[in-house]
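Undergrad: The structure is given below, and queries will be raised subsequently.
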Amino acid sequence: MAKQTTLDEFNAVFPKLEEVLLDHARSYKLPQEQLDWYKKSLEANPLGGKCNRGMSVPDSVSLLLEKPLTEEQYFQAATLGWMTELLQAFFLVSDDIMDSSITRRGQPCWYRQEGVGMIAINDAFMLEMAIYTLLKKYFRTHPAYVDLIELFHETTFQTELGQLCDLLTAPEDNVNLDNFSLEKYSFIVIYKTAYYSFYLPVALALHQLNLATPSNLKQAEDILIPLGEYFQIQDDYLDNFGKPEHIGKIGTDIKDNKCSWLVNQALAVATPEQRKILEENYGRKDDAKELVVKKLYDDLKLEQLYLDYEEKVVGQIRERIANIDESGGLKKTVFEAFLAKIYKRSK
């Protein structure tokens, strides 16, 4: 029987990895003040999140093996998981600067913390490099070492392409709904979110077990990318229709001029008059204008449109899962676990 990891088990691996990273920096005779800074960044940025991406690696390895992991297997899987969390930290530190964000996980964003400022850009680079330090330390002799390096490079670049498309499509200070389209939306969510959040953890698990055949990777990608797209569309839906007490935050997509699924669906069906309402009210930091857009979303019955979309896409994903070829070591349960976590979630 496979066994799910807990956040406590997963977090317990980090101090050992942190020590490896600090030792690596020490090997260059980095002065103590700068070493302390690196330690502070390593503790402020990768830690404190839900670790869904990172924990998906040991969970997937256990499902692939259909049994609980040995101590060594767990350590390897959790180390790969922490690399996804370091990748996420690198993206978030950078993203918060680009978006001029204020808070992250209930704290001021790293670049807004005392004395940090634009040093955060270099800290982000160092978080990215930590991935490759850990890969070399623990996977140098693994048959998939080069594949793992290439997977992280490829996933990083894919995420950066998604981010570029997002930044150029929806600048916060320049509202132009002509920039938006469902094709662009789909590109942004697939590249900015789906690859690193959904495909990467399973690809890492397959590589750890030497099961990353072209067929297994392709089958995983064909399910996990649509799953990641569904997850982001659900996020956009919850931003407007979710209850703040459930999702833990107040939605800001309308005020932030986000290229969200809802605004794209609205643009696709709006009359010229309704489009004019959107153009005059979307992306404005104004409560009254936000309410006008919310009312338009209700008038256009976007909630029902989402619920219909959800049933359709989940049906397609379930069909793909049912048709998985398990002869090469892939397991349907890996994908069922992902779907179960997000289907009909309220936060």
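Using the three backbone atoms N, Cα and C, a Cβ is placed for every residue, glycine included.
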Undergrad: Among Q76, Q88, Q219, Q232, which residue does Swiss-Prot annotate as binding dimethylallyl diphosphate together with R104, K192, T193, K249, K258?
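TA: Looking at Q76, Q88, Q219, Q232, the one Swiss-Prot places in the dimethylallyl diphosphate site next to R104, K192, T193, K249, K258 is Q232.
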Undergrad: Does anything in the same chain, at least 6 positions from Q88 (isopentenyl diphosphate binding site), have a Cβ under 8 Å from its Cβ, and if so what?
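TA: Counting only residues 6 or more apart in sequence, the Cβ neighbours of Q88 (isopentenyl diphosphate binding site) under 8 Å are P46, G49, R53, Y196.
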Undergrad: List the other residues in this chain whose Cβ sits within 8 Å of the Cβ centroid of the isopentenyl diphosphate site residues K50, R53, Q88, R105, in sequence order.
TA: G49, C51, N52, G54, E85, L92
Undergrad: Would you please pick out, from the binding-site residues K50, R53, R104, R105, K192, the one with the fewest other Cβ atoms within 10 Å of its Cβ?
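TA: Minimum Cβ neighbour count within 10 Å, taken over the binding-site residues K50, R53, R104, R105, K192, occurs at K50.
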Undergrad: Name the one residue among D95, R104, K192, T193, K258 whose Cα is closest in three-dimensional space to that of K50 (isopentenyl diphosphate binding site); these are the binding-site residues.
TA: R104
Undergrad: By a simple count of other Cβ atoms within 10 Å, which of D95, D99, the binding-site residues in the record, is least packed?
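TA: Counting other Cβ atoms within 10 Å of each of the binding-site residues D95, D99, the minimum falls on D99.
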